[in-house]
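Everything below concerns the one structure shown next.
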Amino acid sequence: GHILDDYLRTDGVWILTRNKQSYKTNNEKECAEKCEAERNFNCRAFLFTRKKLQCLTLAENAKMSVMFASTDAVLFEKRIYLLECKRGIGKDYRGTEAKTWRGVPCQKWAEKIPHKPNYTPQKHPNAGLEENYCRNPDGDENGPWCYTTDPATRYDYCNIPECEDQITHTGEVECMQCNGEDYHGEVSRTESGLQCQHWDAQEPHIHGFTLKHYPEKDLKMNYCRNPDGELRPWCFTTSPTKRWEYCKIPPCTTRPPASDPGSQCLSGKGEDYRGRIAITESGSACQHWNTQFPHKHGWIPDRYPCKGLEENYCRNPDGEKRPWCYTINRSTRWEYCRIPPCDGREQEIAGMNNVPIQVPLIEECYRGKGQSYRGTTSTTASGKKCQAWNSMFPHRHEKTPDKFPDADLRDNYCRNPDGDNSPWCFTTDPNTLWEYCNLKRCDDHTQE
């Protein structure tokens, strides 16, 4: 596999660390090689900045240090140091559990009181004998252990859970098709071994992914799911310092059962539309999905193999109101497409097509700071599409309908739930968290 497969990537964050080394590298792969070759300390993670091409190898990871936002930085953490579970007898366990199964604190491996150790960092430099963390330097069949701080007990075993083995009760390995949106398995740990938070719980993380809002997404127990079109199934974690994380569910080796070739007309929201219309309702040609010009975006065909992102055809990969596309017009990021309705839905679709959803109505305006605005504009001042308030893709946030019940956070309409200067929204552009909306203040002399 690729060297970066051993690391967990987090974009846009920086961590404070005392022990680090700086290098000049051309890309993330070269930086990973510096981390592997680091001899000044045990490299647990590295930071890479795209603009300066700076590489920082780090002795700490986000579990051990303070993390904050930094637009240009990418943090790569070695997965083995994030795992809080053991594989087999746990000889490669490098987690931070530091007490025995009875709750007695562990003695530091480098200390000689109350017990003189046979296993020390000097004698076993590759066994991960740091601090007083549970380890298995001698390959004990009972798993990780430590010398204890109790003078009456020389050593004892630690209670480290087994890593999720992804084997179902039928004996088959769990796997996912496409991006795992139809995954209904029972994996309930993240790829770093953290336990998943139950979907019906709001602790330690408040969120909008409830059965009430997503009745068809099978949000059962604390099983990994993909309710919002992410790259693969994920969950909120039970760790207060890690809001969410992907789950490690392998792709199925067998192809999904052959489905129909997709609809050539519009039914429902048009998520199954696979026709060849490639022009927006205002007449703009669509940008090809596999290009990033003139508009950068995250809907890359290779990442979303089952969304039908071919050529520059209109599609609905994200559950929008109907099929859309990015346009080749620099000043218009995206627009809906006019797709002929399927039989029996002419009236309903025709009525929907007559609503100018993309272009704000001229009479739409806001008073004061716009906290009372209840219109249907869903475009930012720079022309970006708004993200739905109950969605966490591409941006995760806490401005959910549950948390702001009086703010009318419906669909992806512009609102002002937090008393900002004017109505705003999160955007569907992965590189832009939020923007103010394309709305004017009402003239005091006109009626709203």
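Each residue, glycine too, has its Cβ placed from N, Cα and C.
The annotation domain 'Apple' is assigned in TrEMBL to 1-80.
TrEMBL lists 84-163 (among others) with the feature domain 'Kringle'.
The domain 'Kringle' annotation in TrEMBL covers 174-252 (among others). Summarising model confidence by region, the domain 'Kringle' (174-252) averages a pLDDT of 86.
Taken from TrEMBL, the feature disulfide bond covers Cys175-Cys252 (among others). Counting every protein chain shown, 15 other Cβ atoms lie within 10 Å of the Cβ of Cys252 (disulfide bond).
Taking all protein chains in view, 26 other C-beta atoms sit within 10 angstroms of the C-beta of Cys235 (disulfide bond). The feature disulfide bond is assigned by TrEMBL to Cys196-Cys235 (among others).
According to TrEMBL, the disulfide bond annotation covers Cys224-Cys247 (among others). Listed in sequence order, Tyr183, Gly185, Val187, Ser188, Thr190, Cys196, Pro233, Trp234, Cys235, Cys247, Ile249 are the same-chain residues six or more apart from Cys224 (disulfide bond) with CB atoms under 8 A from its CB.
Annotated domain 'Kringle' per TrEMBL: 264-342 (among others), in sequence order. For the domain 'Kringle' (264-342), the number of residues in each DSSP class (helix H, G, I; strand E, B; coil) is 0 helix, 16 strand, 63 coil.
Annotation for Cys265 (disulfide bond): spatial neighbours Tyr273, Gly275, Ile339, Pro340, Pro341, Cys342, criterion Cβ-Cβ under 8 Å with sequence separation of six or more. Among the features that TrEMBL reports, disulfide bond is placed at Cys265-Cys342 (among others).
The disulfide bond annotation in TrEMBL covers Cys286-Cys325 (among others).
The feature disulfide bond is assigned by TrEMBL to Cys314-Cys337 (among others). Within 10 Å of the C-beta atom of Cys314 (disulfide bond) sit 24 other C-beta atoms, taking all shown protein chains into account.
Per TrEMBL, domain 'Kringle' is recorded for 364-442 (among others).
Annotation comment: TrEMBL describes Cys365-Cys442 (among others) as disulfide bond.
A simple way to gauge crowding: the CB of Cys386 (disulfide bond) has 23 other CB atoms within 10 angstroms, across all the protein chains here. TrEMBL lists Cys386-Cys425 (among others) with the feature disulfide bond.
Taken from TrEMBL, the feature disulfide bond applies to Cys414-Cys437 (among others). For Cys437 (disulfide bond), the count of additional Cβ atoms within 10 Å of its Cβ stands at 26 [all protein chains shown].
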Disulfide-bonded residues: Cys196, Cys286, Cys325, Cys337, Cys442 - member with fewest neighbouring CB atoms within 10 Å: Cys442
Inter-residue C-alpha distance, Cys286 (disulfide bond) and Cys252 (disulfide bond) (nearest angstrom): 33
All-chain count of other Cβ atoms within 10 Å of Cys247 (disulfide bond): 27
Shortest C-alpha distance to Cys386 (disulfide bond) - which of the disulfide-bonded residues Cys252, Cys337, Cys437, Cys442: Cys437
Among Cys365, Cys425, which are disulfide-bonded residues, the residue with the most C-beta atoms within 10 angstroms of its C-beta: Cys425
Cys175, Cys325, Cys365, Cys414, Cys425, Cys437 screened against Cys314 (disulfide bond), Cα within 10 Å - retained disulfide-bonded residues: Cys325
